[in-house]
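As structure tokens, the structure follows; a few thoughts come after it.
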Amino acid sequence: MAERDLAVAILAAGKGTRMRSQLPKVLHKLGSLSLIERLLRTVLTLKPQRCLVIVGYEQEQVRRALQEYPVEFVEQAQQLGTGHAVQQLLPVLENFQGDLLVVNGDVPLLRAETLQALLERHRQVQPDVTLLSAQVADPYGYGRVFCDAQQRILELVEERDCTPAQRQNRRINSGVYCFHWPALARVLPRLGRNNAQQEYYLTEAVKLLDTAIALDAEDAREIVGINDRRQLAQAYQILQDRLKEAWMEAGVTFVDPDSVSLEETVELAPDVVIEPQTHLRGVCRIGPRTRLGPGSWIESSTIGSDCHILYSVVSHSQIGDRVWVGPYAHVRPHSQIGDGCRIGNFVEIKNAQIGSHTNAAHLAYLGDAKLGSQVNIGAGTIIANYDGQQKHFTEIGDRSKTGANSVLVAPLKIGSDVTIAAGSTIPARYPVPDDCLVIARAYPVVKPGWRPGSAAAGRPQPLPTGSLRVYPLRLLPGQDLKQELERFARQQPLQAGFVLSAVGSLSQATLRLADQTEDYLLSERLEILALSGSLCPDGVHLHLAVADAQGRTWGGHLRPGCLIYTTAEIVLADSLEYRFSRQPDPATGYLELHIEKVAEATPPSPQRADGTGVGIPSCPP
């Protein structure tokens, strides 16, 4: 068998009118690769000395798409047929003495084994041309090949030029030829355009050559050309069938092959089971006995052995052995999940490292995080990783647990053996040491008669404790102590209010003593020592004690004109068992406190953080 140099010419100048697209036909995708890329990767396995791509329509797009491949581009400015395309090679291959393999750019399913067989047959027999043909059930749309018993070509007829009798021939021309270039170069200038399309046919060159033979492809499916979207879809199905048949022979189960798709870059171990409606894209490696689907999307990810990915999306991530994912989980890019983990329904993981035997069984978001081993994530746990400007990182130690509906505000580091109580919000940068319980809750608030925009909206709200409602307040510099307390008592309204504690400072104080008609003013900075009395919507009756810089104390009825210097931190309480009002008292002549017993209240009775009794639960500062 004579060894000669090999050049390859790929015809890629046509528009592909029937594709109804602005994209050149050869750049349409078949799976992850364009038609011409698939073909080019196949022909390059033959190791040709030169690989020539003939371009025309939207040639800049084709040049850009193939810029990483070792090819030469030859322009066909006018698209006047396949023969005209090959004529453009005459100056390019002027001194070439080897063989030329000519392939249409829209035949992406050709296998390297078939082209190698064509090349070997051509070099063994040494005709001027060897044509790749095939026997098909439906030859419509293809040119026909007529041969004698020795496979010498007698006639080639294009579909549009066939007589009714010739159309009955089921042997078709694939458009793949192996020419001896010196012989082809002699006849190319003699091509004519005497046909229905007024084009230069390459088949005309075959007729002009002295010796021409045909070789049938073993699998007619691989010479399918792509002229429209229907044929593109059919070619995709052929590609999928080819891939799945190979994997089934290697020990992989496809429960419903027709509903599954995958790419050539996928690697499947023996005893993998692919359930219906599952799709694999990119570079994927799936370990033994793993079950994918039903209804899963796996992209560019590595999944270990004995896993189950159920109705879920896994993208650009790594999953260990014996991991359960789903249903309806989303493992986003740059995530690593350790052995024995469970990522359950409606759990989203992004850029996270999950230690072994960690569970997030349902309804959680774990983003930009590192979780240790044997961590348990309660339902509704959210890592709040974005502050509106940048993402922050969260770390959770081994064996820690989060209760239901917890929010972890990043950046945050939680130690090992930590329990986060249900409903807790852990603020950013809050130190959480090893081996502790953390409770950080907001307690229920009831606003009777509240509606959006009503007077009740926006008021400070109480923390329930026994039969009391507790209101912590802070007054700001310049505010009037009495006026602010009167306003607060009216707006709540306080039912039977009184002062629990008060600390702070005043820039001045106005007080009045009993039986006095005039106030006295202290115009200096003063510390609040005590504030006591009652509050209700009708008014307040409060006494104030203050001290000056020399330690002298002053006291009396609180009057308007007590102005806050730096702050006043006041805790008020409101009894749910009584109702206060201020009514005229004939004996004193003043508005005095009137006390009324109301129906016994039964508010919630929260326990202390240690669970030993009733009181205000302890929370982190």
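Cβ atoms are placed via backbone N, Cα and C, with glycine included.
Swiss-Prot lists 1-229 with the feature region 'Pyrophosphorylase', giving similarity to another entry as the kind of evidence. Among the features that Swiss-Prot reports, UDP-N-acetyl-alpha-D-glucosamine binding site is placed at 11-14, K25, Q76, 81-82, G143, E158, N173, N227, R332, K350, Y365, N376. Among the features that Swiss-Prot reports, Mg(2+) binding site is placed at D106, N227, with the record citing similarity to another entry. Under the heading region 'Linker', Swiss-Prot lists 230-250. Summarising the annotation, Swiss-Prot assigns region 'N-acetyltransferase' to 251-621 and lists similarity to another entry as the type of evidence. Taken from Swiss-Prot, the feature active site, proton acceptor covers H362. Per Swiss-Prot, the feature acetyl-CoA binding site maps to A379, N385, Y386, A422, R441. The region 'Disordered' feature in Swiss-Prot is assigned to 601-621.
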Note: among binding-site residues N173, N227, N385, least Cβ-dense neighbourhood at 10 Å is N227
Reported as an integer number of Å, what is the Cα distance between D106 (Mg(2+) binding site) and K25 (UDP-N-acetyl-alpha-D-glucosamine binding site)? 7
Those binding-site residues listed as L11, G143, R332, Y365, A379, and which of them has the most Cβ atoms within 10 Å of its own Cβ: L11
In sequence order, what residues of the same chain, 6+ apart, have a Cβ less than 8 Å from the Cβ of Y386 (acetyl-CoA binding site)? H392
Among H362, A379, A422, R441, which are recorded as recorded positions, the nearest neighbour of G81 (UDP-N-acetyl-alpha-D-glucosamine binding site) by Cα: H362
According to DSSP, does A13 (UDP-N-acetyl-alpha-D-glucosamine binding site) sit in a helix, a strand, or coil? coil
Structural state census, the region 'Linker' (230-250) (DSSP three-state): 20 helix, 0 strand, 1 coil
Nearest of the binding-site residues (N227, A422, R441) to L11 (UDP-N-acetyl-alpha-D-glucosamine binding site), judged by Cα-Cα distance: N227
Please compute the mean pLDDT of the model over the region 'N-acetyltransferase' (251-621). 90
Using a 10 Å cut-off, grab the number of neighbouring Cβ atoms around the Cβ of A13 (UDP-N-acetyl-alpha-D-glucosamine binding site), all chains included. 27
K25 (UDP-N-acetyl-alpha-D-glucosamine binding site) as reference: those recorded positions from N227, H362, A379, R441 with C-alpha within 10 Å of it: N227
Inter-residue C-alpha distance, R332 (UDP-N-acetyl-alpha-D-glucosamine binding site) and N385 (acetyl-CoA binding site) (nearest angstrom): 15
Candidates N227, A422, R441 (binding-site residues); nearest Cα to N173 (UDP-N-acetyl-alpha-D-glucosamine binding site) turns out to be N227
